[in-house]
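> In case it's useful when we look at the structure, here is the feature table from TrEMBL:
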ACT_SITE  D255  active site, proton donor
BINDING   R55, G56, A57, R98, Q214, N265, K266  substrate binding site
SITE      C172  site 'Transition state stabilizer'
Amino acid sequence: MTVEEFFDQVITVRMREDRSSLDIIDQTLLPGTIKRINLNTKEEIWEAIKKLRVRGAPAIGAAAAYGIALLASGIAGDQYDAFYSRFKELKDYLASSRPTAVNLFWALNRMEAAVTANKERDVTAIKELLFEEADKIREEDIQISRGIGEIGFGLLKELKKEGREIGILTHCNAGTLATAKYGTATAPMYIALEKGWPGTAMHVYCDETRPLLQGARLTSFELYNAGITTTLQCDNMASILMKSGKIDIIFVGCDRVARNGDAANKIGTSGVAILAKHYGIPFYVCAPTSTIDMDTLTGDQIPIEMRSPDEVTEMWYKERMAPEGINVYNPAFDVTDHSLITGIITEKGMCHAPYDKAFESLGIGR
Ligand code: MRU
């Protein structure tokens, strides 16, 4: 199977051609089962985001955009005010599914802006253009990932001059399954394949990513299928791996980047960054500009999603692996301090500290 064929098999989110429902790959079943499901109601869309059937910041944004377009198409009546008021209720409902990834709010706000900018048009036309706006968000995401990938590929090319396999570590899944194509943290590797590099030129070490195993279930599945040399390790093995000299560079994704460059990503990312600093390994955050939230000044202001205890005590195990009644701490994200980040790769260019100035000079937030 070529990489393109693989991408086609695992398309994260799309609207069915007849626009009757949202079609997603159910990521909770991967890697064992590749199954697509249809989402029709607001409850189904909300649940799919909440339960991580569709996940990863850009994919959540695309799902929300298609979701609100689908739900808006079912609003009865042709009066703009009534339509807009119901649209906002549905938007707020979808926005309550997950708190950390800013792409969810960004995509929903963009969809709302498409409504208000066209309020002079009739409601049928607005419903139509909402589908078009969602398509645009998805199409743009493909180009954004490519842009990030090209810049990351430049870093890989520099490392290739050393003439040996390039060791890359990543955490969680910021891959094709988290976006419309290419991923963000995986985009440099997919671009390398596109440019004719053999998969053996790179060796990607995937952190398992407890508790939801996105690294094991999703990233290692993706990269292995794409023909890239891939190794899976538990999160607590990253330190010995770095010490052994096997890691040349680290690429991670992000769910929200604050104005000062603090970056929220999957729980465990900040630990990876601290280790990378200790061992002198460059640590890059791959960030579509839609993930940069200039209204959030520092990482302290980023809301961190807390998730259910059973993800830690029971999920994936044959039997419960902790005493009944034990307290469980299960934050889904942590924030990597900007001082630990070598660079933030956006589709518009590479950013270095001071990040607020770097973002402004790329026109982010304007
Ligand atoms: O809880 P998840 O699986 O949605 O978390 C995903 C991540 O943390 C990703 O690294 C991030 O969303 C970037 S995806 C390009």
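The backbone N, Cα and C atoms fix where each Cβ goes, and this holds for glycine too.
Keep in mind that TrEMBL annotations are predicted by a computer and have not been checked by a curator.
Tell me what's around each of these sites.
All protein chains considered, the CB of D255 (active site, proton donor) has 32 other CB atoms within 10 Å.
DSSP gives K266 (substrate binding site) a strand state.
A sphere of 10 angstroms centred on the C-beta of C172 (site 'Transition state stabilizer') encloses 31 other C-beta atoms.
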> Anything within 10 Å of D255 (active site, proton donor)? Look among the recorded positions G56, A57, C172, N265, comparing CA atoms, and list what you find.
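Checking each Cα against D255 (active site, proton donor), the hits are G56, A57, N265.
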> Cβ within 8 Å of the substrate site centroid (R55, G56, A57, R98, Q214, N265, K266 excluded): which residues?
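These residues sit around the substrate site: L52, I60, A101, C172, N173, A174, A178, G253, D255, A332, F333.
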> Within 10 Å of the Cβ of R98 (substrate binding site), how many other Cβ atoms are there?
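Around the Cβ of R98 (substrate binding site), 22 other Cβ atoms lie within 10 Å.
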> Quick check for the class: what is the C-alpha distance, in angstrom and rounded, between Q214 (substrate binding site) and C172 (site 'Transition state stabilizer')?
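Q214 (substrate binding site) and C172 (site 'Transition state stabilizer') have their Cα atoms 5 Å apart.
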> In whole Å, note down how far the CA of C172 (site 'Transition state stabilizer') lies from the CA of N265 (substrate binding site).
9
> What count of other C-beta atoms do you get within 10 angstroms of the C-beta of Q214 (substrate binding site), across all chains shown?
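By my count, 27.
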